[in-house]
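Comments concern the structure below.
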Number of protein chains: 4
Amino acid sequence: MIKVAINGYGTIGKRVADAAAAQKDMEIIGVSKTRPTAEALVAVKKGYPVYIADISKKAAFEKAGIPVAGSIEEMVQKADVIVDGTPGGVGESNKALYEKYGKKAIWQGGEDHDLAGFSFNAHANYKDAIGRQFVRVVSCNTTGLCRVIKALDDKIGVAKVKAVMVRRGADPHVVKKGPIDAVVLDPPTIPSHHGPDVNTVLPHIDIVTMAMIVPTTQMHMHAIQMELKRESSRDEVLGVMKAHSRIGLVQATTGIKSTAELKEYVMDLGRPRSDLWENGVFEASVAVIGKDLYFFQAIHQEADVVIENVDAIRAMAGDVKDPEVSIKMTNESLGFVAI
Amino acid sequence: MIKVAINGYGTIGKRVADAAAAQKDMEIIGVSKTRPTAEALVAVKKGYPVYIADISKKAAFEKAGIPVAGSIEEMVQKADVIVDGTPGGVGESNKALYEKYGKKAIWQGGEDHDLAGFSFNAHANYKDAIGRQFVRVVSCNTTGLCRVIKALDDKIGVAKVKAVMVRRGADPHVVKKGPIDAVVLDPPTIPSHHGPDVNTVLPHIDIVTMAMIVPTTQMHMHAIQMELKRESSRDEVLGVMKAHSRIGLVQATTGIKSTAELKEYVMDLGRPRSDLWENGVFEASVAVIGKDLYFFQAIHQEADVVIENVDAIRAMAGDVKDPEVSIKMTNESLGFVAI
Amino acid sequence: MIKVAINGYGTIGKRVADAAAAQKDMEIIGVSKTRPTAEALVAVKKGYPVYIADISKKAAFEKAGIPVAGSIEEMVQKADVIVDGTPGGVGESNKALYEKYGKKAIWQGGEDHDLAGFSFNAHANYKDAIGRQFVRVVSCNTTGLCRVIKALDDKIGVAKVKAVMVRRGADPHVVKKGPIDAVVLDPPTIPSHHGPDVNTVLPHIDIVTMAMIVPTTQMHMHAIQMELKRESSRDEVLGVMKAHSRIGLVQATTGIKSTAELKEYVMDLGRPRSDLWENGVFEASVAVIGKDLYFFQAIHQEADVVIENVDAIRAMAGDVKDPEVSIKMTNESLGFVAI
Amino acid sequence: MIKVAINGYGTIGKRVADAAAAQKDMEIIGVSKTRPTAEALVAVKKGYPVYIADISKKAAFEKAGIPVAGSIEEMVQKADVIVDGTPGGVGESNKALYEKYGKKAIWQGGEDHDLAGFSFNAHANYKDAIGRQFVRVVSCNTTGLCRVIKALDDKIGVAKVKAVMVRRGADPHVVKKGPIDAVVLDPPTIPSHHGPDVNTVLPHIDIVTMAMIVPTTQMHMHAIQMELKRESSRDEVLGVMKAHSRIGLVQATTGIKSTAELKEYVMDLGRPRSDLWENGVFEASVAVIGKDLYFFQAIHQEADVVIENVDAIRAMAGDVKDPEVSIKMTNESLGFVAI
Ligand SMILES: NC(=O)c1ccc[n+]([C@@H]2O[C@H](COP(=O)([O-])OP(=O)(O)OC[C@H]3O[C@@H](n4cnc5c(N)ncnc54)[C@H](O)[C@@H]3O)[C@@H](O)[C@H]2O)c1
Ligand SMILES: NC(=O)c1ccc[n+]([C@@H]2O[C@H](COP(=O)([O-])OP(=O)(O)OC[C@H]3O[C@@H](n4cnc5c(N)ncnc54)[C@H](O)[C@@H]3O)[C@@H](O)[C@H]2O)c1
Ligand SMILES: NC(=O)c1ccc[n+]([C@@H]2O[C@H](COP(=O)([O-])OP(=O)(O)OC[C@H]3O[C@@H](n4cnc5c(N)ncnc54)[C@H](O)[C@@H]3O)[C@@H](O)[C@H]2O)c1
Ligand SMILES: NC(=O)c1ccc[n+]([C@@H]2O[C@H](COP(=O)([O-])OP(=O)(O)OC[C@H]3O[C@@H](n4cnc5c(N)ncnc54)[C@H](O)[C@@H]3O)[C@@H](O)[C@H]2O)c1
């Protein structure tokens, strides 16, 4: 059993906790919280030991009905692998602690590539992560791009990618962030950082990205254009996508044309937290004109990286050497079959 | 076993189907759809026989992978109780069909009181529904009002209610309806229809309501003011609320101050479709000044009426005479304990 | 000529500048900016001398095409009255500067009453402001409440006010603030601070307020309930409102039922910045049941306090003793007749 | 004087009325309304004679304070050129009326190209419109694309355009349309109709477009990629844009990064209805990599076509043969200089 600790039990952390807890080869030995909020209460209900950042707040947690198992430092000592789910930029400050106890740790996409020195996507570079101490799972957008680019590059060849990322303004429960009624260029310069971030996983891909933020909470939408290395066909491209265990095709017959309807569909399927772990490629949108491929894909920011974290844990622990074996273990444990 | 059919497997219908299917004394013998959309696919995955409004579309359904069990008329014949979940105003046109076969039927709040001649809320008038052929489960907003007014009226006495309903513009998956950036008075006249609608269940209550629509999808928010019949205290009011099996108190320690954070909390609790079946009264808001009571409550429009439908089915079927027994059966079958 | 300086040329400041500049007895001797943004460029186009907070940034302003007239301290020295339009909480830190030069200053509703020791609304207490050194113009919501409460109290008598304020999340150009899809209780406790704030202007009014924030940028909406001191009629109440120069009645025949449609109407009327300076009471909503009065009013947060600032300047300068004279001068200079 | 009638005094119609009224060679002889709403009241205040679709409603208009000048048919007879601003699809049904009286008419982008047989953009094909009876001014998005593509094609040469249109869900005052919280593919297939629509004006351009709708009201945002016919430079491209009288460059120093901030800027500039008549190209975004050009442009849907309508009127009337002369007349009469 790989002993997994979640440092930062928030949007990503709580999902990774549940997904890791569902693996036969993993157990959650603790999760950390800074304040005794609703999420901490849920951790208690799920039976995860709660460790806290500032041990002087122990009484406040216990008054709120949350037994405190100890400090984050104690949690780290008990773990084999720590998944750091603290907010972007904060994760960096935890590195010394993980190093102090010689622990393996995974950071998320809010941290720079250099912090871990290795950026991960299960289908792209699982093998290179085997046995590593530090790994960064790339961001939700980058994960979504890497999956589909890697698959098409392997089977058909990708000469150039131009992607426009229309991003959600904030996660659904985040009420302080906007915009309320605006399209915000983020950044207003071109290219955005997403292209270089794809290159931390797939260094040889020629990619230019443009990004903006819109007033929605549900999912990101990618408008993707690719120049393939040779002429292809819509059917060939759809075939590559269908064959990928983490790319889903939103069928035209479902009538789904938006992120909101797609979210409703995965909700109705009974997925935990209505999570879309896979890329949601809109089948009707896939168009091939000569060497040019066009399509839309929805990326559920809270979900797609979760299963990548699980594979990253397994790769770092080192017992499962074959990416396909790990990916299958992860997917099956969650009852996950791409839509 | 009460044979339940869902005519109109949409936002409300699909939830009632799952909730009824979870009861020991009920089974879903069919659900109806007009088009072979994502929801129909989900019905198939859940094992609900799919009946269709227009049997000439059978081929289209089957092409989309949805076996068709028959026409709606055939479904109605097989059922003991039909839950009509068709859009507001459409339900009325189905009455003749239910009468033709002498079937019991439940309509939703989008239909007028007169259609069924009886408006239902489990805690308020379950006994009056026993054995009835036709029942209307009042709307989400009215359900939320009835629960809390009835409870306080029984225990303390309610002289007058003034409620402002800040309503969600559309359900989360509905992408055509707005507003995007406006507060819309609906209606611009005072009082709104909600007060009279409460009176269909609780005729003696003096209530004036004002309603508006805002650009959110998650939940309605009620700002409620009540004049109690006698001086009371915050503790007494909280006590009444806590004792009610379908009123939840959002604790201040959770840090939850908004509909979105509340939705996240029930999502994290693992509720199916992140449904808040109970009234979500914000504990911190409950204030008593003399005889005046003030509080905020969140009402999840898609969810609160679902469990009321289950109790209505049971009352109409007639075997369970005691409201508390039915309410307990319903709640326990869903593992539902108010937050 | 009253020499007016605007310290903090933002949402409120830029509007007060234009409104004061339109007065025969006032001139704008300077406005201040912290950064060389679009608003600063506009100040230059309008011919307002631009003073800057941090004089070391002078080169940056001039590179952006904005001539710098001097430091804020220099601006203050040249002014008779400073309108402080800096962000809530910042204004306080400027008090010492105004005192140093013995200058009169006006703060906005983001500051506490105690900072100025006097809270202003033209119709309510103009005379008490005559000759004062420091005045605070109450917030947009409080201004909207004071106008209508004072008018009805004078003519009919107000026993009790209960108001629910449904507030816009952010001003239209503010893209970082949310919420995107939530109703946020702000505060989650009752009463909100708006009631006590009304009491800084109208100390004898019995008022309880509840407040929330919704995802819109256009205007606030108030759902108001008042207990009048005697029985009245809809016509009497409408009469009082119509007679008030800063209360507008949105006629039912216009078809306007929302803040957005109301904004469009004032835009079409050609008002500068589409500003609704008056309270926008929805005529159709005004209902009187016995002693109880109910109505909705829209409050344009960016606009209603602007004309109050102009009157405050005039009162403090001291030459015009009669509130009605000042109010008329202000309104007429802007070509403003309430809708 | 060209006698102009506006059939359909709505979002576009009221703006064209004001812009045409500002021309020395045009006068508004009438505008038409179907209902006596706020817009009709404004028409009266502006002195435009109001004609109505259904003359039996005359009394209702007059009761609302709107004198009725006659029927639409009467208005058409008095006009030289009718600008049809009725909703998309409705305009078609008016053709017979315009033909009956042999009148010139302009439709908007909501109608098909074939209705008029000629699609107009002032900079692209003014000369071909001279003397025509029927002209269609292309939609807001197509107008924005045509301006910038035509300019770059003339000066540098455009080999291929790939554009992603992130569209506003509804105009600001439209409260019934959504989405509230979703990104909606519209259409979910690729290419969208915008490319072929550009080809009605610029037939030789190779263009593929993708389109979606987001929950905002302010402006559309275009993410544009162009393959130029030769290597170019950022400076050359900026030069072409700066030289165009209807392309504005949003300077980085303004700090403007969003549609909302851009709208605020034009509001502050005092533009009527805060209209951005020009394309709003974000200067910071303009990037040239070899032959590839990338940039973002904001398109104010309500505004950009307005000035094109004015030029179309003039071309059809036939006295001004030189496009640059007409464009200059139009721009100067409005005091319009691109930002
Ligand atoms: N939310 C997304 O959509 C998303 C998607 C992909 C990647 N990410 C990345 O995942 C990381 C986490 O993001 P999130 O959205 O889950 O954040 P979050 O704010 O939802 O959760 C962060 C958690 O960390 C805790 N925390 C804060 N400071 C801490 C500290 N010093 N020590 C321990 N715990 C602390 C907080 O209490 C909170 O529970 C970031 O790097 C982010 O960029 C987020
Ligand atoms: N959605 C809510 O928040 C909510 C809350 C409380 C009550 N209600 C009430 O519940 C009822 C249903 O609303 P909803 O939101 O679930 O609607 P919905 O649009 O989500 O679902 C309606 C379903 O009925 C089907 N349908 C339409 N016409 C039909 C016909 N002629 N025959 C059979 N099926 C047909 C549709 O395919 C759809 O599946 C309405 O009366 C509504 O007012 C809705
Ligand atoms: N915006 C509203 O809707 C509204 C309504 C009523 C009252 N108010 C109140 O008006 C005041 C101003 O609010 P606003 O919305 O106009 O703010 P804003 O952020 O739009 O503008 C503030 C301006 O002050 C400048 N500034 C910031 N720090 C400064 C400093 N130290 N010295 C000088 N200038 C500085 C900024 O550059 C900006 O131009 C606040 O007290 C607010 O509560 C705002
Ligand atoms: N709004 C935009 O953003 C925009 C942008 C570019 C082009 N357009 C196009 O301009 C046209 C008008 O759109 P709009 O947004 O101004 O519409 P709108 O709905 O704002 O206005 C339409 C007007 O036409 C009137 N009308 C309706 N039916 C009529 C009839 N039978 N006879 C006479 N008048 C009638 C309505 O009363 C209304 O005043 C459409 O073709 C649309 O596609 C709109």
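In case you wondered, yes, glycine gets a Cβ from its N, Cα and C as well.
The domain 'Glyceraldehyde 3-phosphate dehydrogenase NAD(P) binding' annotation in TrEMBL covers D:2-140. Across the domain 'Glyceraldehyde 3-phosphate dehydrogenase NAD(P) binding' (D:2-140), DSSP classifies residues as 59 helix, 35 strand, 45 coil.
Residues or ranges marked as NAD(+) binding site by TrEMBL: D:Thr11, D:Ile12, D:Gly110, D:Arg168, D:Gln301. Counting only same-chain residues at least 6 apart in sequence, those with a Cβ under 8 Å from the Cβ of D:Gly110 (NAD(+) binding site) are D:Pro87, D:Gly88, D:Gly89, D:Gly91, D:Ser139.
What TrEMBL records for D:Ser139, D:Cys140, D:Asn141, D:His194, D:Gly195 is D-glyceraldehyde 3-phosphate binding site. Around D:Gly195 (D-glyceraldehyde 3-phosphate binding site), taking its Cβ as the centre, 21 other Cβ atoms fall within 10 Å, counting all chains.
Annotation comment: TrEMBL describes D:Cys140 as active site, nucleophile.
Cα to Cα, D:Gln301 (NAD(+) binding site) and D:His194 (D-glyceraldehyde 3-phosphate binding site) are separated by 14 Å. Under DSSP, D:Arg168 (NAD(+) binding site) is assigned to a strand (E or B) in the three-state scheme. The sparsest Cβ neighbourhood within 10 Å, among the listed binding-site residues (D:Arg168, D:His194), is found at D:His194.
Non-local neighbourhood of D:Ile12 (NAD(+) binding site): D:Gly85, D:Gln108, D:Glu302, D:Val305, D:Val306, D:Asn309, each in the same chain, at least six residues away, with C-beta under 8 Å from its C-beta. Within 10 Å of the C-beta of D:Ser139 (D-glyceraldehyde 3-phosphate binding site) there are 22 other C-beta atoms, taking all protein chains into account. Shown in sequence order, D:Gly109, D:Met165, D:Arg167, D:His194, D:Asp197, D:Ala211, D:His220, D:His222, D:Ile299, D:Gln301 are the residues of the chain, 6+ apart in sequence, with a C-beta less than 8 angstroms from the C-beta of D:Asn141 (D-glyceraldehyde 3-phosphate binding site). Among D:Thr11, D:Ile12, D:Gly110, D:Arg168, D:Gln301, the residues given in the record as binding NAD(+), the maximal Cα to Cα distance rounds to 16 Å. When the binding-site residues D:Thr11, D:Gln301 are compared by the number of other C-beta atoms lying within 10 angstroms of their own C-beta, D:Thr11 comes out lowest. The separation of D:Gly195 (D-glyceraldehyde 3-phosphate binding site) from D:Thr11 (NAD(+) binding site), Cα to Cα, is 24 Å. When other Cβ atoms within 10 Å of the Cβ of D:Cys140 (D-glyceraldehyde 3-phosphate binding site) are tallied across all protein chains shown, the result is 24. Note: the CA-CA distance between D:Gly195 (D-glyceraldehyde 3-phosphate binding site) and D:Arg168 (NAD(+) binding site) rounds to 18 Å.
Checking the binding-site residues D:Thr11, D:Asn141, D:Gly195 for a CB within less than 6 Å of any atom of ligand 4 leaves D:Thr11, listed in sequence order. Cα spacing between D:Cys140 (D-glyceraldehyde 3-phosphate binding site) and D:Arg168 (NAD(+) binding site): 11 Å, rounded to the nearest whole number. Residues listed for D-glyceraldehyde 3-phosphate, D:Ser139, D:Cys140, D:Asn141, D:His194, D:Gly195, cover a largest CA to CA span of 13 Å.
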